[in-house]
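Let me begin by presenting the structure, written as structure tokens, before commenting on it.
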Ligand SMILES: Nc1nc2c(ncn2[C@@H]2O[C@H](COP(=O)(O)OP(=O)(O)OP(=O)(O)O)[C@@H](O)[C@H]2O)c(=O)[nH]1
């Protein structure tokens, strides 16, 4: 990591983020309630709930409705995208989750070709199910899991990774960089041969009521809410605030800034100039209309956010 001549000015950076009176209600599309209803209706054929969430926000942003309405089945929390998460406080996180009643946790990286944690999922689920009643499914020899989670956390990628690892088979579930790719509800997909195990893929369902704007912003930063609903500019500013708070200054080197900054306009301007993302606009001056070149702040914000999501700004823990 680059050393800066002085980081004293960093102590004056924001310690609290100003959300400017934003409300989160309009960030959550109505079709998600329908998704949850369909999931509930399919529960009778399910042995275990595999809840998948982003490992960079292990404690916040999970849908409380999952706990309340789907809690009738054994449950495992898969914290995916571990390759992007700073897990130096993993034990603390696990303890906190345990206090919240989450006993079975598995960290995964679905993009890695041969990830041991993916191999562990089926045996772990079998262990969880041991000696548990299977209700009206006792005569079935095959198992069925339901994979649930907020959008874009990697539900489809997990299914594909399981098929790749356990069955040496290709993709069954469509993967996308934008939240809301999985719309068709409840496709049943085989993920293991011995024992025969199936997974139901479900659409991402956001909580209808997010506990705070900050949690909403973390969800947005991790790509679970369509960017334009929240605003690229504020997501980028929250990203800068978070990186500075974590003393993660990797953006300085990446975008060739002179030193860390708490000023999003300045940072975006540098990013736009470095990436050649400028736009020509008409400006009215004392001598009439002229065309001037200005930084494209939206394009710069988008690049900054994307770099973070890809892991180009290092591993982070937002909780
Ligand atoms: N770095 C990293 N990226 C991942 C991982 N798993 C999934 N992704 C990426 O995350 C994005 C979303 O993955 P999906 O599998 O489509 O997520 P989903 O939860 O099915 O999405 P919805 O259909 O919107 O609910 C894709 O760009 C994936 O490549 C992982 O373990 N690490």
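The backbone N, Cα and C atoms fix where each Cβ goes, glycine too.
Of the residues proposed, 21, 35, 204, 216, the one TrEMBL records at the same GTP site as 80, 81, 82, 83, 152, 153, 154, 155, 156, 157 is 204. Under the DSSP three-state reduction, residue 154 (GTP binding site) is assigned to coil, being neither helix nor strand. Neighbour density for residue 80 (GTP binding site): within 10 A of its CB lie 27 other CB atoms from the protein chains shown. Residue 204 (GTP binding site) counts 23 other C-beta atoms within 10 Å of its own C-beta, drawing on all protein chains shown. For the GTP site listed in the record, the two most distant Cα atoms among 80, 81, 82, 83, 152, 153, 154, 155, 156, 157, 204 lie 21 Å apart.
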